[in-house]
Amino acid sequence: MKVRCVSLVAAGLLTIAGSAIGQPAPAPMPAMAPAAKPAMNTPVDRAKILSAPGVFVAFSTYKIRPDYFKVALAERKGAADEVMAVLEKHKEKVIVDAYLTRGYEAKSDYFLRVHAYDAVAAQAFLVDFRATRFGMYSDVTESLVGITKALNYISKDKSPDLNKGLSGATYAGDAPRFAFMIPVKKNADWWNLTDEQRLKEMETHTLPTLPFLVNVKRKLYHSTGLDDTDFITYFETNDLGAFNNLMLSLAKVPENKYHVRWGNPTVLGTIQPIENLVKTLSMGN
């Protein structure tokens, strides 16, 4: 009986073994896909942010302190790399434009224009910028903030003919080399006009500017309640004569009587890559 049981067990094991050997080998497990590389930091889309409403902007003008040039030359040579590292850190949330004002302005050597969808992101960049060697030796001489908005007055609905003129005017000059930042503040009389009265004033304001739009690019930022001004006007041009004539035409419109601030400061600078600007101001005394 014992022998028979052993034989049955042995036969069973052989049957199991035979079944395993007789079956085809299982397919190999598929190789694991390599881990995906982290996505590269994607910079803010410049064209998109410059044309969108609701975007925050910070303008700040700076004067280099004379004691910056007491810093060792080797350290000043590294200033541009340090600033560029800050730009790289924040490139997903801000775009930064730089302008050299030294030689044009008494109270500044350069200014920055920072755009961001979130005001906190612009502030974070500026805080980090001021912590660089170059930033620590740059005193802020003016600071203005604002936001972009859709057209308030010369829109398709309110003023279709002028809107068509604005939309059809395309900059056709050489690449702009110069930029202007001009703050504007209106008086209480302006804000107490009816919407229809302000629309009429703005139509009178807009009409004489149309011939200059082929020579001068412009952008408007709204600051009421955000700063001590109502608007920040920004212009780019390669034709300073055309810009001067544009300003003369604006000075002659009735709407100018509502201004309590136009400029003060008016800041003129040359458009510069920020790396070049830092190198220029770090090497020269």
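Each residue, glycine too, has its Cβ placed from N, Cα and C.
Database features (Swiss-Prot):
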type	residues	note
SIGNAL	1-38	signal peptide
BINDING	E105, D227, T266	Ca(2+) binding site
BINDING	H205	heme binding site
ACT_SITE	R218	active site, proton acceptor
Taking just the CA atoms, what is the gap between T266 (Ca(2+) binding site) and the residue listed as 'heme binding site' in Å? 20
At the level of the C-alpha atoms, what whole-angstrom distance separates the residue listed as 'active site, proton acceptor' and D227 (Ca(2+) binding site)? 20
Write down the Cα-Cα distance for H205 (heme binding site) and D227 (Ca(2+) binding site), rounded and given in Å. 24
Ordered by sequence, the long-range same-chain Cβ contacts of E105 (Ca(2+) binding site) under 8 Å (at least 6 apart) are T61, P265, V267, L268, G269
Mapped onto three states, the DSSP assignment of R218 (active site, proton acceptor) reads strand
According to DSSP, does D227 (Ca(2+) binding site) fall in a helix, a strand, or coil? strand
